[in-house]
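Visitor: Sharing a structure, written as structure tokens. Questions coming.
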Number of protein chains: 2
Amino acid sequence: MKKAFTHCRIFTLDEQGTEYENGCIIVNDDTIEYIGEHHDAFVQACDEQIDWTGKWVMPGLVNSHVHIVMNILRGSAEDLSLHRWLNEKIWPLESKFTTEIAEVSALAAMIEMIKSGTTTFNDMYNPIGFDCLHLYETIKQVGLKGFFSYSLFSSTGSDRAEADTLAKARETAKHIQRDGSLISTMIAPHSPYACSTSLLRKSAELAAELGLRLHIHVSETEREVELIRSQYGLTPVQYLRELGFFQAPTIFAHGVVLDERDRDILLETETTIAHNPVSNLKLGSGIADITALTRLGVNVAIATDSVASNNNLDMFEELRIAALLQKGVRKNPELIPVDEILRMATHNGANGLGLSQTGMLKQGYAADFITIHPADKIHLTPFTHALSHLVYSASGKDVQDSVVNGKFVMRDKQLLTLDEEHISWELNRLFDHLQ
Amino acid sequence: MKKAFTHCRIFTLDEQGTEYENGCIIVNDDTIEYIGEHHDAFVQACDEQIDWTGKWVMPGLVNSHVHIVMNILRGSAEDLSLHRWLNEKIWPLESKFTTEIAEVSALAAMIEMIKSGTTTFNDMYNPIGFDCLHLYETIKQVGLKGFFSYSLFSSTGSDRAEADTLAKARETAKHIQRDGSLISTMIAPHSPYACSTSLLRKSAELAAELGLRLHIHVSETEREVELIRSQYGLTPVQYLRELGFFQAPTIFAHGVVLDERDRDILLETETTIAHNPVSNLKLGSGIADITALTRLGVNVAIATDSVASNNNLDMFEELRIAALLQKGVRKNPELIPVDEILRMATHNGANGLGLSQTGMLKQGYAADFITIHPADKIHLTPFTHALSHLVYSASGKDVQDSVVNGKFVMRDKQLLTLDEEHISWELNRLFDHLQ
């Protein structure tokens, strides 16, 4: 089954920043077979031709750190620091979660991601009170690409609880791995402060054993770094290295508080930093120095974190704020030009997730792309400097179409796999139960 | 003519943060006659009843510093510092402006403002190459409330040029003042660095003579502050005080680089700071310390600046980033709670413009309000914590209706006074002439 998407303006976001004015993408199943200026013979040979005249096309956005089950908590905990936010608000509310809440909440997040241009996400969550594999069965139907990982905690600290959580994480990971859907998985210990030394070590071993990546919150706040240093005499990054992390490729969410040695370790180990600028600002954690990281050569990706600390999943907003912050804080407007920040929110994210042929529009790459139709959008006018508009003027609400693995999940603003009205109604109903 | 807007959820943003669940607003001509829970008798007595079931209503946003004529320059000058941005890109492009460009560009900005929920704006611009009063005649038809001010420059530095620019500014201001439309005016010398001492002094005298406010860029960058200090031995704020500023109420755009004495002067003189967080970040100017200003009691308002340094006019985005920045930079998530930042973007702005009965929804206040319909917006779900969603999840693109002075300028997303398709087409056409 070959499809041709024709007559559009394409921003490939490849290494050369290639653009096509009257572009065309030929998709064979889930892969881009041809991308370039319009080619009549290629188009005529396709089974389906989709006329995208006037539309701008770019790779789908990659949200490298999110918690989709938390969508029901939007706005529930404002103006608090991370540790109070977790202990006083988020964890008590989460303890009331049911499988139904988890499912509706996750689907709401997926609707929000599709509508705002995300095609791949990287989730982790500790499934207290609900059936994790049941949730996996639901979300794999949606058509988004993603990683859904069982997050490990040392809640009681007993050996038995630890063995139990490891067994569940292993079972979940192996099931998802075997299943081979669009949703894959990682091993995801929550953080250096919420996991015992032993649980962290065993998590790293499990990842190596199953050939999976690790996904963990690291160096999010000064308080965390001080705590780990006072307990182990090391920064969180150095502590994790001691415990055998980095045998498997790793995604670190946050990395707000890093020293020079930490950054060198990240570079050597090819670790990806999932940068969550809005969540870090909102919880008062600070601003990650992604300028230092990218200058060194560390792979930096962009992420929203959950709506409980953001409070939305709009990657356009996130990437814009990421670029603005570096310019403003370092008082250097030349930092992080538009092509660089767009790459962080697409290919860098995909690369960190092990999807090296995703996040750019190139022959042989995954057919994951989105469109924006600028015609009725005065905030994207004049059209000439469109790449700049994608960073500084567009928002997720401008996204018109979303194609993942060659299939539409949204077409001209119509969701094809989810019922927004129903999910929204259910989310409101279930929210009342939580109170 | 009395209108009733009924069955809506109202966020008055008044001093007490009053909200109405099944609210109703009765508007008599341009003023709110009743606001509160639904009252059948009041509604029945109206000439027109508008059913706003399910909608959220809040005061229209007040953009306290903008340059509407610059909308054609969106994306034209990226990744440059303020001084290079002005000298190498913006000023050369502006020198090619014509009356037609100015008009289309300003109307594009007004469409963007209406669509994103701004009901009052504060503009200043130096009308090189076009007829300022012609432009005024055009924009006063739109139905937005605003201030349109002739910006004074010392370009050549000659006495004759100075007398000439003062005469034009006086003539423009007096015409607009006499005309008494929804568009009012101020006296607007560009900045301490772009005006001579004599021009600044005479501008302040002119404002006092005509009973108008002053609007000026002040203390935007460290470079500006160093320059003024090296020339006059004073900070820009102190320098302006020496020159007789503050006889009239004043709006200072930016205020990024202020010392303690500057802040005391702003407080004593009841000066308003128009805070432009995105523009300040994007040009690498830094982050204004609005926490220090608001703690002291200085009136802080929110503004977008022009699209050339933002690059959009979405006040929802601007207020969100303003709040996030203070939390993140000071590592204190309790700073600038949601009601406070919403007030900065509404009543504080209006107050700074001398519109003391605008920006809150109260009996006797201006009937300037906007709606958002959350029903098909998963990013505003669950609905309960709506005030928080207005700050952290909503965007200008969510705005459904806009009423200014009791009249619709947008109704269910339909613009009533402007033709977006035509203006967008013209803006693209004229952009090509600029190159």
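A Cβ is built for glycine as well, from the same backbone N, Cα and C atoms used for every other residue.
In case it helps, TrEMBL gives these features for our protein:
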type    : residues                              : note
BINDING : A:HIS65, A:HIS67, A:HIS217, A:ASP305  : Zn(2+) binding site
BINDING : A:GLU94, A:HIS190, A:GLU220, A:ASP305 : substrate binding site
DOMAIN  : A:56-409                              : domain 'Amidohydrolase-related'
Visitor: With every protein chain in view, how many other Cβ atoms are within 10 Å of the Cβ of A:HIS65 (Zn(2+) binding site)?
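Guide: A:HIS65 (Zn(2+) binding site): 28 neighbouring Cβ atoms within 10 Å.
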Visitor: Using a 10 Å radius around its CB, how many other CB atoms surround A:HIS67 (Zn(2+) binding site)?
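Guide: There are 25 of them.
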Visitor: So of all those binding-site residues, A:HIS65, A:HIS67, A:HIS217, A:ASP305, which one's Cα sits nearest to A:HIS190 (substrate binding site)?
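Guide: That would be A:HIS217, the closest of A:HIS65, A:HIS67, A:HIS217, A:ASP305 to A:HIS190 (substrate binding site).
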Visitor: Among the binding-site residues A:GLU94, A:GLU220, A:ASP305, whose Cβ has the fewest other Cβ atoms within 10 Å?
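Guide: Relative to the other binding-site residues in A:GLU94, A:GLU220, A:ASP305, A:GLU94 has the fewest Cβ atoms within 10 Å.
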Visitor: Any idea what DSSP makes of A:GLU94 (substrate binding site), helix, strand or coil?
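Guide: DSSP assigns A:GLU94 (substrate binding site) to helix.
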Visitor: Residues near the Zn(2+) site, A:HIS65, A:HIS67, A:HIS217, A:ASP305 excluded, by Cβ within 8 Å of the Cβ center?
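Guide: So the extra residues in range turn out to be A:VAL66, A:MET124, A:ALA253, A:HIS254, A:ALA274, A:ASN276, A:SER279, A:ALA303, A:SER306.
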Visitor: Per DSSP, A:HIS65 (Zn(2+) binding site) is which: helix, strand or coil?
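Guide: Looking at the DSSP assignment, A:HIS65 (Zn(2+) binding site) belongs to a strand.
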Visitor: Can you give me the same-chain residues 6 or more apart in sequence from A:HIS217 (Zn(2+) binding site) with a CB-CB distance under 8 Å?
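Guide: Result: A:HIS190, A:SER191, A:PHE252, A:ALA253, A:HIS254.
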Visitor: What does DSSP call A:ASP305 (Zn(2+) binding site) in the simple three-state scheme?
Guide: coil
Visitor: Can you tell me how many other Cβ atoms are located within 10 Å of the Cβ belonging to A:HIS190 (substrate binding site)?
Guide: 21
Visitor: Distance between A:GLU94 (substrate binding site) and A:HIS67 (Zn(2+) binding site) at the Cα atoms, whole Å?
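Guide: The separation of the Cα atoms works out to 12 Å.
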Visitor: Across the record's substrate-binding residues A:GLU94, A:HIS190, A:GLU220, A:ASP305, the largest CA-CA distance in angstrom?
Guide: 21
Visitor: Work out how many Å separate A:HIS67 (Zn(2+) binding site) and A:GLU220 (substrate binding site) at their Cα atoms, rounded off.
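Guide: The separation of the Cα atoms works out to 16 Å.
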